Amino acid sequence: MRDRLLAAEKVKAIDWRDDALYLLDQRVLPFEEVWHRYTTAAGVAEAIRTMVVRGAPAIGISAAYGAVLGARARIAEGGDWYPALEEDMQLLADSRPTAVNLFWALNRIRDRLMRVKNGDNPLAALEAEAVAIHLSDREANLTMAQLGADLIRKHQGNLQTVLTHCNTGALATGGFGTALGVIRAAHLEGMIERVYADETRPWLQGSRLTAWELANEGIPVTLNADSAAAHLMRTKGITWVIVGADRITANGDVANKIGTYQLAVAAMHHGVRFMVVAPSSTIDMEMASGDDIIIEERDGRELLEVGGQRVGADVEAFNPVFDVTPADLIDAIVTEKGIVERPDTARMAQLMSRKHLH
């Protein structure tokens, strides 16, 4: 299956070459394919903040490479460069506060720096660590894809009609995808009849990115308004809702793109299974529950302006980027370490004590 999954991969969003980070600008897809070249930590932080790159795993990978770029510049300046590099990493950390992969990746860079011995090349060590983070995410995606497809087969052997939210494919990760990776694997095994993709307002990641990725691979996809999701579950035979995650807490609560929580509520009401797919780097065992998660809010103009025109002078906007889905609404969390069905604190702790499967 691994070879079939790799052969099906057609899209990537991150490229590290010639001492620079190249990012596919996801703000202009699918209308244009524009790559930007970054050579500074500040530039990468701005790319994350402005959503040139998005998706929790992709953000973490980009931040790791951003730290390498920062180290190169600071070492070239001479002197005691570590405090200046720490400032660069803090700038990267501040770019998106909810995606725990960002902090996980930067902490791995810090840990690697602490292990550099006298006479070692610190820049080479940090670059190797960033590349390892990138490659391990790709391998995790392949493992999760197979585990998720196996879970679908275990519960329901017939053709599946799946609903997904936001974008969780190759564009959001180091390769292949999380939730979309599971859908790809299930399609390769002949289990997917159709995928419904929420448009995912206000950035339209579902319509611009997910529908584009699926259509490019010949997977039957139908785009729907976010507000049609419950109606779809009632009338179109949805069998699974499959989503990604930006942070998973110690008790199994999940922070993901705004709109995920209402999908889980509707799925519970309609008897539709709800699967979350994310690498273990998304799990924050230091955070007890979703009540502790800081929810990022973006500029209200994303909602208040249509075609460049403001909808109302005296209208305010509430524009959270994420919401929190309680663990008791989730049927399964799929990671590269394994699957947790009906997640709770004890089951999450057991999962995180395992070694990686890949």
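Just so it is clear, glycine is given a Cβ too, placed from its N, Cα and C backbone atoms.
When Swiss-Prot records ARG54, GLY55, ALA56, GLN205, ASN256, LYS257 as binding substrate, the matching candidate from ARG96, ARG298, ARG301 it lists for that site is ARG96.
Shown in sequence order, ALA13, ASN167, THR168, LEU171, ALA172, THR173, GLY244 are the residues of the chain, 6+ apart in sequence, with a C-beta less than 8 angstroms from the C-beta of GLY55 (substrate binding site). Within 10 Å of the Cα of CYS166 (site 'Transition state stabilizer'), the following binding-site residues from the list ALA56, ARG96, ASN256 place their own Cα: ASN256. Between the binding-site residues ARG54, ARG96, LYS257, the minimum number of other C-beta atoms within 10 Å of a residue's C-beta occurs at ARG96.
ARG96 (substrate binding site) carries neither a helix nor a strand DSSP state and counts as coil.
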